[in-house]
There are 2 protein chains.
Amino acid sequence: MNDVLVVDDDPHLLKALKITLHAHGYSVVTAPDGESALRSAAQHPFGVIVLDLGLPDMDGTAVITRLRQWSRVPILVLSARHGSDDKVKALDAGADDYVTKPFGLDELLARLRAVQRRTIQGEEAPVVTTASFTVDLALRRVTRNGQDVRLTPTEWGILELLVRNPEKLVTQQQLLTEIWGAAYTKEANYLRVYMAQLRRKLEPEPGTPRHFLTETGIGYRFQP
Amino acid sequence: MNDVLVVDDDPHLLKALKITLHAHGYSVVTAPDGESALRSAAQHPFGVIVLDLGLPDMDGTAVITRLRQWSRVPILVLSARHGSDDKVKALDAGADDYVTKPFGLDELLARLRAVQRRTIQGEEAPVVTTASFTVDLALRRVTRNGQDVRLTPTEWGILELLVRNPEKLVTQQQLLTEIWGAAYTKEANYLRVYMAQLRRKLEPEPGTPRHFLTETGIGYRFQP
DNA sequence: CGCGCACGTTAAGATGGCGTCAAGATCCGC
DNA sequence: GCGGATCTTGACGCCATCTTAACGTGCGCG
């Protein structure tokens, strides 16, 4: 879990952080705005997310709120502002810690370690088991009858979002915006195709699903 | 919050109500017209407001509208007229319930308690339970005798609106505009069809409903 | 006493969403 | 640049849901 997602609209800072973090053993992915950050986070599990509050497309706290709907990944917030208002808002939304720009790299690295240490301890095993398959969210692996099941990235995204909200009705809008982005809210077609594939790979009887239930006109529900 | 503001232009009724309510543990403030009522409400927080629609200086619904611009205090309306027109207007403006003059004190006291109970509970209750079914607003799920109940999107919309306002009289207009849109305020037919379906799915005896009560000519009320 | 209005109930037709399949288009690793 | 995996797109039949209309009932009012 040394994968870090860095979200900032300043390409120079992005590049500098990428180099520095890489030198300290982190594997770094970057995103320039909130949309792509959310998409990246949905498609790949990160050990920590470094998030600048001043993004071009959406408010930083909105990104945190959306992330927290399905993920508990530690979030370290960057902000240029000194006022404590947005700091409080970000922490309320679910951020774990806060660094004010300009910051020393030592401080950033220290807080990164602290944030990860804190969450590793308190974390329970993110493994979900049903009658017919098992999902290991940390290892990003699905097994069925002892066999690994191959899933495409998109299939993973959908499965992960549903499994992280067990029994909860996830709307088509939520799925489409989290996986494909806000511009795809009309493409309910995609969902039908991928839900069919997920069921074919995971359900004992794809024709009469037990774990991936359809709520017509609204969305889908995962039943462990 | 046992403070009550009673607004009426009849000094005898005012005095009688003051004595009766005081005897039942309420602390009563009175106002003879709309202006002074609004002033009182602004200066002192009341647990509930009892408002006569027939005031000398302004229309009762205007008082409700002005109050609702800044306060969510429960409002219980008194009306001398039998015509349901003004009642509907008052409820649409944001009143919580109404009592028709002449009324029994028992009824008034019962409705006062109900109106207050409603707002105390309604703060945050993602799960609402009745004798015959349970609604989980967060999971978007209804269970009855441990079994899931399948609801269509429209059925859920109506149920949610009613359940989020327990014991409150919700007008047909409110339901129609909220679920179908402002252009459908004439289609009271829809409500009858869907209320029948909700009762068939959720009431123990659909013929004599216990939880979804009809107020003829006005709207519906959810009784937990 | 009878008339009309509002409500409850039912059923049938219209509508639109869903599951399914397969053929391109596109991406990615080698 | 090539080949395979993955994603996008469109078409089709089926079914849940919505819409609409008709009929029976109870109640208030003239």
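Cβ atoms here come from the backbone N, Cα and C positions, even for glycine.
Automated prediction, rather than curation, is the source of TrEMBL annotations.
Per TrEMBL, the feature domain 'Response regulatory' maps to B:3-116. Taken from TrEMBL, the feature 4-aspartylphosphate applies to B:Asp52. Residues annotated as domain 'OmpR/PhoB-type' in TrEMBL: B:125-224. Marked as DNA-binding region by TrEMBL: B:125-224.
Across the DNA-binding region (B:125-224), mean pLDDT in this model comes to 92. Taking a C-beta cut-off of under 8 Å and a sequence gap of six or more, B:Asp52 (4-aspartylphosphate) has these contacts in its own chain: B:Val7, B:Asp8, B:Asp9, B:Asp10, B:Gly60, B:Val77, B:Leu78, B:Ser79, B:Ala80.
Broken down with DSSP, the DNA-binding region (B:125-224) shows 37 helix, 23 strand, 40 coil.
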